[in-house]
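Here's the structure, in structure tokens; my notes come after.
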Amino acid sequence: FFRMIWIYWTFYFIFLLASVYSECVTQIYENTYFQGGDLATFFTPSANYCQVVCTYHPTCLLFTYLPAAWTKEPAKRFSCYLKDSDTEMLPKVDMEGAISGHSLKQCNIQISACSPDVHIGLDMEGKTHDVAVADSYQQCQKRCTNDNHCHFFTYASETFHNTSFRKKCFLKHTSVGTPTSIKVLDEVVSGFSLKPCQLSEKDCQMDIFEDQEFSGINITSFFTPDISVCQTICTYFPKCLFFTFFTREWQIESQRNLCLLKTSTSGIPEALVSREKAVSGFSLLNCRRSFPACNSRTYTHMNFLGEELNVTYTRGHRACQQVCTDVIRCQFFTYFPLQDSCNEERKCECHLRMSSNGSPVEIVHGPGRISGYSLRLCKKRASTVCMQHSARTIRIVGGTDSSPGEWPWQVSLHMRLSRQRHLCGGSIISNRWILTAAHCVMSLENPNIWRVYAGILKQSEINEDTPFFKVEEIIVHPQYKYAQTGYDIALMKLDKPMNFTDLQLPICLPSKEDANILYTDCWVVGWGYRKEKG
């Protein structure tokens, strides 16, 4: 994603008021100006780009854009006015040439900061930090993409009126990542860095340095639950090149979970300082794969503190996260699954919160709390979030109780020989295939002895009338010998396609963007005992 201040505002996770729910509105209003509600003004080369800026801004719900054809006040051409309103609407004023629209925060679409378009005849102004000769604007854009500090560029063609500037490539940056102004100028081409399009040719530095603090120029800081969120914020922040994260064991209590964003003139840390319980790393903007702006993970035993927007009651932390996602100003939440925080319907307190910068003002560690962020900028909502875990009251030995539909991909595999019994668990990966462990089916590879139960919460609820799927084929990994040597996977093909419902859905296989699970809490799902044996 583009290193712009409105992208780092992504991790403000959209500053919103409680009890205001919103639908996706994609309508564009031509010759219309939204009156009032002004938040900030940026300069963007198009109305579409203005809408993306609004979408990532923490409080923007509406925008008005003045295009190049704006004639009333030439100095205001290309102005992008970000606006807010408690009612999600502002008075519309007829204004010829003005373009207005809505933030796409509530739209279930993938929003990208990749902007490959170039703008002929426009000079996007900013601080020029490098000038070089280039044979084409494509070469200039490539140079910008491979420059650590470059946000955008302007290229003067070989027919530019000033001969000394012809075929010159001007690499530029600003404190906010967008131009300070835009002017119409013949024989020039401007555009943005293609780093957010994963086209940088510089090294992707994914190494994590434990017990090391990177020395450099401190930009700002946030409280984050783990190093992954810290690294993501650094990736999106307009000037951040590397970071240091102080873990929960850091010796200074007030700095625990603190994420320090840093930069340097050279683009690399000035020094590495040994610090126990500090972890450092780099922005991932140069990597040739994207990293999602949203953070779908939830964090057990953490309380995200911030301004209280509302307290509601939900059944499970996933439902709490969904409420935060739907409430238009919620940035993060904390779910209280303790018995004294739950009502007679077994719904527990869901605290919807916000802060001025979109991150918790403090993170308190302790049992009985589950926290996380709004999923507004995720492509999918909480109902299909991968690998959520249960937040129910502890009832299973060594684990927690689950609620219906909380693990919709989990199936129970029953084996019928002399009697029927649950033998193993499995995961739905498509409407015909179940993934399980090879050791579960070794010596039991006859498909006719298996039954697959989906959407089951309690084993005690299974009886002869409970629907099940028969197995048509079993495939064991050809290199499997025994569990300790690896390759312990097998596939079961169902005899008929499975209809997906809220209680039976395929598992969300991790994308490339989610493949890095370092420092991630993982949960094992299955059926357990209610009391110790023996």
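Yeah, the Cβs are placed from backbone N, Cα and C, and that goes for glycine too.
According to TrEMBL, the feature signal peptide maps to 1-22.
Taken residue by residue, the domain 'Apple' (24-107) breaks down under DSSP into 13 helix, 32 strand, 39 coil. The domain 'Apple' feature in TrEMBL is assigned to 24-107 (among others).
The domain 'Apple' annotation in TrEMBL covers 114-197 (among others). Averaged across the domain 'Apple' (114-197), pLDDT in this predicted model comes to 96.
Annotation comment: TrEMBL describes 204-287 (among others) as domain 'Apple'.
Under the heading domain 'Peptidase S1', TrEMBL lists 396-534.
For the domain 'Apple' (204-287), the DSSP-based tally of helix, strand and coil residues reads 13 helix, 37 strand, 34 coil.
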